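As structure tokens, the structure follows; a few thoughts come after it.
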Amino acid sequence: MGFGDFDTICQKAALPLCSLVGPASSISGATGIIPNCYARNIELANTIIFEGAASFVHIIALAMTVIMILHIRSKFTAVGRKEIITFFYIYMLLTMCSLVIDAGVVPPRSGPFPYFVAVQNGLTSALCTSLLVNGFVGFQLYEDGTALSVWLLRLTSTAMFAISFVISLLTFKSWGGLSPTNTVGMFVVLYILNAICIAVYLIMQLLLVMNTLEDRWPLGHIAFGLLVFICGQVLLYAFSDTICENVQHYLDGLFFTTICNLLAVMMVYKFWDYITKEDLEFSVGIKPNTWEVKEFLPEEDRRATVYQDTNSEYAGSMYHHRASAYNNHNY
């Protein structure tokens, strides 16, 4: 296996792009690398669903992402609120795209399939880039929530999406000097650059916690998120075929990787939620009746208030009847 080849990777893991890379078959003439083992299809309501277990996890991930977005939106004055919510919007788009591809809504060998896989690759790069830029927010190099901060995140994420999408599509379509057998460019963008983005984000958050925070609990969130992410990658690229064979093709490494990726993203949210503070005067809490009065004032205390105990409980208020000269009528 040479640098940038997907032969070994695709033999172990049933990735969507594997059917679009590799040498052409001498029999059918179609490109693609067949994995050693992949999860069996299931039939539901006369519809064949690919990767049923992984598709179910994608649906759970969408629900969890909506919940996290709602919690973030409720913290109006938290640092980096607009920036981190962009990260979760990109993750939601990536999950939706992965669900469409993995479930077979767009089947392999169909015309739109290369474009959907290219979009998936682009969203993956955009997600990692968004995570990297979010790592700068805590250092207050520029004010968060401003046009500079938000558009810097959007433009860099969009740029990486475009680069990854174009390189992937050129590779799949054998355009621009790239081909399914010349995958070095796509490998560098998808694996090398994304790994660098994640590594830089982790280092920056460690520096942020160690240098600016007295509480060390956020380090646990970082450690757990990194652990489950690494476990997911190992299960996918090293043991996917072994898992698949031992469970009679009901599951493969993609199922466990999807779960681990979801947990890692949840730890990103948990870390941000833990280290951010907000002004209680302007915040909107999730729990209702935060300032609910638990008991009434005693009778003697109530009589001592600005409202006197007369026939009208508003008699002692500051409002007084006054005459109006409008059309010589009194109001």
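From the backbone N, Cα and C atoms, a Cβ is placed for every residue, glycine too.
Here's what Swiss-Prot has on this protein:
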TRANSMEM  52-72  transmembrane segment
TRANSMEM  84-104  transmembrane segment
TRANSMEM  122-142  transmembrane segment
TRANSMEM  150-170  transmembrane segment
TRANSMEM  184-204  transmembrane segment
TRANSMEM  219-239  transmembrane segment
TRANSMEM  249-269  transmembrane segment
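Here the transmembrane segment (150-170) touches the transmembrane segment (84-104). Their Cβ atoms form 3 or more pairs under 8 Å, with each pair 6 or more residues apart. Residues 39, 41-42, 78, 81, 84-85, 88-89, 91-92, 95-96, 98-99, 102-103, 250-252, 254-255, 258-259, 261-262, 265-266, 269, 272-273, 286 of the same chain sit 6 or more residues outside the transmembrane segment (52-72) yet have a Cβ under 8 Å from a Cβ within it.
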